[in-house]
Amino acid sequence: MALINGTDVARDITEQTTKRAYEFEQRTGRKPCLAAVLVGEDPASVTYVKMKRNRSAKAGIESRFVQLPAETTTEQLVAEITKLSEDDGVDGILLQHPVPGHIDERAAFEAIAPGKDVDGVTMHSFAAMAFSEPGFHSATPGGIMRLLEAYDVDLKGKHAAVIGRSPILGKPVAMLLLAKDATVTICHSKTANLDEIVRTADIVVAAVGKPNFITAIKPGAVVIDAGYNEGNVGDVDFDQVADDASLITPVPGGVGPTTIAVLLEQTVSAAIRRSEDM
Ligand code: NAP
């Protein structure tokens, strides 16, 4: 078994991003700008946004912060995001997920202009991923693909099992794996024989949101644990499966760091594209 070191992969991506952000600033006289929108005060979300803003600053990306009260309505949130979509000084928009339950999250995501969707959450970005057209990747799926690439994992003709089908994680990562010629099975809460499917997979991507959910894999499989549950616990029971895995991500230090790295990389890409279009 070997560990996949997400911190190293993220550092490499961010080094490049920092250089590109610097070159952008030299050329245009301004830093790339990421606007982060947070609704409510969920402690995990507050921490994520803070972390993303700190990393932005370190990479030479300006960050704007729009903090809205928990009782914000869908209409108010859509209006705030629309303003950012129309603001020439903003290159990328991040709406921290999840938003409070009374808000129509899809409507809020769709208010993000496609050219600023650096977290890859809009239907436009999903379609681009599905059709292998240029566009922004969902940040976590994009990070997962970078991990597989960095560790030379051959996906062609391999069976990949994705456990979870959320619009920001399970579904888009399945599309990206398919685009790399993997044969993909998407599992969810209604899947019959889930354990059997997972035990036939060469690549397992766990995106369930249930601590230690995956307990058995095929010997030699590559295991990517996107789960992040309370107490730094992943969706894969690391102790149970690590010996059977050829490669496995730890939690923390696996998928998490690459998510932010891809978000920042795409912010700089958005800034460059926008400046070229102007
Ligand atoms: P989500 O929206 O709650 O989706 C969870 C998915 O898991 C759903 O598709 C659900 O199926 C499926 N599921 C739930 N219980 C299941 C069961 N017993 N058997 C099989 N499938 C089951 O979660 P998410 O936003 O995709 O996040 C998933 C995990 O990734 C969480 O731990 C989250 O914290 C983590 N995450 C990490 C990052 C990062 O940067 N590292 C980013 C985002 C999310 P149904 O569709 O049938 O309900």
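Including glycine, each Cβ sits where the backbone N, Cα and C put it.
Any TrEMBL annotation is an automated prediction that lacks curation.
The feature domain 'Tetrahydrofolate dehydrogenase/cyclohydrolase catalytic' is assigned by TrEMBL to 4-119.
The annotation domain 'Tetrahydrofolate dehydrogenase/cyclohydrolase NAD(P)-binding' is assigned in TrEMBL to 138-273.
Within 10 Å of the C-beta of GLY164 (NADP(+) binding site) there are 23 other C-beta atoms, taking all protein chains into account. The NADP(+) binding site feature in TrEMBL is assigned to GLY164, ARG165, SER166.
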May I have the list of same-chain residues other than GLY164, ARG165, SER166 whose Cβ is within 8 Å of the Cβ centroid of the recorded NADP(+) site, in sequence order?
VAL162, ILE163, PRO167, LEU169, GLY170, LYS171, ILE186, HIS188, ALA207, VAL208
Could you please provide the mean pLDDT value for the domain 'Tetrahydrofolate dehydrogenase/cyclohydrolase catalytic' (4-119)?
97
Within 10 Å of the Cβ of SER166 (NADP(+) binding site), how many other Cβ atoms can you find? Include all protein chains, please.
17
